[in-house]
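Provided herewith is a single structure, encoded as structure tokens, for subsequent inquiry.
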Amino acid sequence: MTAFLRNTWRGLTSMRTALILLFLLALAAMPGALLPQRSLNPPRTADYIAAHGWWGTLLDRLEFFDVYSSVWFSAIYLMLFISLVGCLLPRTVDYARSMRAQPVLTPRNLARMPHHAQATLPEEPAAVIADAKARLSGWRTVERDEDGGGKTLSAEKGYLRELGNLVFHFAMLGLIVALALGKMFNYEGQVIVLADGSEFCNSGTAGYDTFRPGLRVDGTDLTPFCVRVDDLDVSYFPDGQAEQFTVRMDYQAGADLDAGTWRPYDLRVNEPLRVVGDRVYLLGHGYAPTFTVTFPNGESRTQTIQWRTVDPQTLLSQGATKFDPPGTTDAEQRRKSQIAITGLFAPTAQYDGTLLTSGHPDLQDPAVAVDVLRGDLGIDSGRGQSIFEVDQSLVDQGRLVRVARQNLEVGGQLRLDDGTTVRFDGVERWAYLQVSHDPTQVWVLVFAVAMILGLGTSLTIKRRRLWVRATPDDAGRTVVSVGGLARTDQAGYGEEFSRIAAALRTPRREP
Amino acid sequence: MAVNETLATYSDWCFRAAVLVYVFAMVGYAVEQAFTRTAKKSEAARELVGAGGPVPAGTDTPAYGRVEAAPRRDRAERAGRAAVALTVLGVALHLASLVLRGVATQRAPWGNMYEYSMATMLIAVITWLVLMRKFDVRRMGVFVLTPVVILMFLGGTVLYTDAGPVQPALRSYWLVVHVSAAIISSGLFLVPGVFSVLYLIKAAHDRNPAKFARLAPKLADADTLDRLAYRTTIFAFPIYTFGIICGAIWAEAAWGRFWGWDPKETVAFVAWVVYAGYLHSRATAGWRGTRAAIVNTTAFAMVVFNLFFINLVISGLHSYAS
């Protein structure tokens, strides 16, 4: 049993296994680039599955649309992690040992070494060795005596290579651990905020349009802070390409929350707001048309609701603004007279006949093309519904009826048969913000930097050995033989060796 | 921020001229490759020594058995030297094209795929020139310049983008750091990729001389090809790693997360893992030589795949092509 365990452990921690696991990891990561992933784009994933029948379903059951959280991907990197630990522990022990060890004995025949040089010098062997030792500063050296009055010097350098290697691999382990912890405690939420002085506070998940918690986040303990979006500036090049988006906003956190102090910040792409450990990003922007509905009894209601962008180039937008008739207490009556304004909004109107499109993403000539629907919006049913559209099934059932269709410019209004008027007042911009929280990402960065440093060290420094043997000859002079061996890759040691050997052969000038 | 149209036009001219000059250089290398007589044993041995062997240049022993005192440069040799001169000229034009783009648009000239591939190829050719200075590899120039010319041709036709400003997401100094690291490492990786393919040809020939009988004898020996591929790769790999990490730092500022398995990130990760596999395979019994060369070729294929397929076919956050 122990033999089996030992063999399994050895097999798992051998370099060959590690290599195969590396290739498996690369192979397993690929489908995530080629197939749509649920974590990145849920609707596209759903479309893909629907479009590919049994094949899509099979891929889905095999977790090909959630590759990076799949069982098989996790299994591979977990095994790689274990293999790495099993490889690193003995190497660390070896390295600690080698730090205390002396350079190895001088080989008998230095001429056999990949690098070799020889010379005859007038000095004594002891003087030659002392000279060599002085010149080899930075090398770890040991002197040894040989039979026949000879002396040798063993020198070794480049211990940092293995250190860099170990640092790289341990940093990678640290990075994986930090990533895993991040998955536990991070969260990410997206929210649309109107740029008309609207506020958003990070007080709970309900405030968000979408919220993705980490495995250990239940949403009750979010970092408290608030933002207020005052304005959104967008500048364009003449061809409609965006030059810069700037959200003029204020934020408050910590003591400011109690004091009510707001601090200004200009939020831009690439310039997130970093506040009390969280980050606020600008992900996108769009338009929210303002409509005023004046009901037959003279009361009016005004709403500004975000419409969603359907064409990112021209910011043609689509949405539904929903109104409840005021002063109607009878539920039955209300369900007959609710109003929805749906249709298209164009920041720069262009007409193809009466068909509205947008010619430019900036607000040059805003207009809407709206359908006004009257009837039951289904708001009382208790079922959640999209803020961007009306419930189509109610239209199909005839409970929600189109009562007008018209194009309106700013200030334009239309009148329904019962005397209700609908006016298009103007438009606000909205900012699509993301709040991110990841307490371990700074550790990921620290480990990544350590990886780079370790990698650079281990790939540039060479572990190399040099030996000098000085033996007296019959004429009273000293034969000096120098040998060199690079322990890793021979390339590049030749030049350094020649330089050292040449220096050793020339007698030292007395100061 | 207006684009200087005149300079942009000059940049395009320089680009076309560079491609044309590279084509001529390629022909020169091809002529040398085709007409070089297979090296004699003694010469082959000397080349091995000169190309990174342990004995430094200048101390190598002269080849024995050669009678003529000063061998006349034959036609193949002259073609090769002309090709090198043309390559240098091509690099000058290529560099001018890149710099003019940068000046014309007032930004780092690697904001779209045309500029990116142009800059990457420039690094590849410079890498090649540096290697030629240090090692006797000139005869293989045609194999390096052919992919360069093909990729530049694709860059100048399929990927061509008029000089212009970049979108807000790219307005960051990380564009300079992250993308230039990607460009330098990818350009460097091209050369070992080519060498590993040549290694596979040479190794197949060494095992069975009937294979590649015409081509293989004119290549450097397998050992040299393997060593040069490895040395260039270990130079490029830390830069590539640095590029990925800078990308993660930038992504944290621009997209709200440092890593999100965007297709480009994924394939960069895959290529990184395969390169790591290559570095390890050269230290693993049974994986040296042919297997390592296959791994290295695969890794470079992933880099190319990441540039073309991922950017052009798959939509992701890195889709800046159009």
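Glycine residues also receive a Cβ, built from the backbone N, Cα and C atoms like all the rest.
Where the annotation comes from TrEMBL, it is an automatic prediction and has not been curated.
According to TrEMBL:
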- B:110-318: domain 'Cytochrome c assembly protein' (DOMAIN)
- B:13-31: transmembrane segment (TRANSMEM)
- B:82-101: transmembrane segment (TRANSMEM)
- B:113-131: transmembrane segment (TRANSMEM)
- B:143-161: transmembrane segment (TRANSMEM)
- B:173-201: transmembrane segment (TRANSMEM)
- B:228-251: transmembrane segment (TRANSMEM)
- B:263-281: transmembrane segment (TRANSMEM)
- B:293-314: transmembrane segment (TRANSMEM)
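Looking at the shown structure, what environment does each listed feature sit in?
Distant neighbours of the transmembrane segment (B:13-31): 75-76, 79-80, 82-84, 86-87, 89-91, 93-94, 96-97, 100, 118, 125, 138-142, 145-146, 148-149, 152-153, 156; these residues of the same chain sit at least 6 beyond its ends, with a Cβ under 8 Å from one of its Cβ atoms.
Among residues of the same chain six or more beyond the transmembrane segment (B:82-101), those with a C-beta under 8 A of the stretch's C-beta atoms are 7-8, 10-12, 14-15, 17-18, 21-22, 24-29, 31-32, 109, 115, 118-119, 121-122, 125-126, 128-129, 132, 138, 141, 145, 163.
Beyond the transmembrane segment (B:113-131), the same-chain residues lying 6 or more positions past its ends with a Cβ under 8 Å from any Cβ of the stretch are 15, 22, 84, 87-88, 90-91, 94-95, 97-98, 101, 137, 141, 144-145, 148, 151-152, 154-156, 159-161, 179-180, 182-184, 186-188, 190-191, 228, 232, 307, 311-312, 320-321.
Counting residues 6+ beyond its ends, the transmembrane segment (B:143-161) has Cβ neighbours under 8 Å at 15-16, 18-19, 22-23, 25-26, 29, 87, 112-115, 117-118, 120-121, 124-125, 128, 190-191, 194, 197-198, 308, 321 in the same chain.
Tertiary neighbourhood of the transmembrane segment (B:173-201): same-chain residues 107-108, 110-111, 116, 119-124, 126-128, 131, 140, 143-144, 147-148, 166, 212, 215-216, 219-220, 222, 225-226, 228-230, 232-233, 235-237, 239-240, 242-243, 246-247, 249-250, 253-254, 290, 292-294, 296-297, 299-301, 303, 307, selected by CB-CB distance under 8 Å and a gap of 6+ residues from either end.
Within the same chain, residues 51-52, 127, 131, 135, 137, 172, 174, 177-178, 181-182, 184-186, 188-189, 191-192, 195-196, 199, 220, 257-260, 262, 265, 268-269, 271-272, 275-276, 278-279, 282, 293, 296, 317 sit at least 6 positions outside the transmembrane segment (B:228-251) and bring their C-beta atoms closer than 8 Å to a C-beta of that stretch.
Long-range neighbours of the transmembrane segment (B:293-314) within the same chain, counting only residues 6 or more positions beyond its ends whose Cβ lies under 8 Å from a Cβ of the stretch, are 113, 116-117, 120, 154, 186, 189-190, 192-193, 196-197, 199-200, 203, 226, 229, 233, 263-264, 267-268, 270-271, 274-275, 277-278, 281, 287, 320-321.
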With a Cβ cut-off under 8 Å, give me the same-chain residues at least six positions beyond the ends of the transmembrane segment (B:263-281) that come close to it.
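Residues 233-234, 237, 240-241, 244, 247, 251, 287-288, 291-292, 295-296, 298-299, 302-303, 305-306, 310-311, 314, 316-318 contact the transmembrane segment (B:263-281) from elsewhere in the chain.
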Mean pLDDT across the domain 'Cytochrome c assembly protein' (B:110-318), rounded to an integer, is what?
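Result for the domain 'Cytochrome c assembly protein' (B:110-318): average pLDDT 92.
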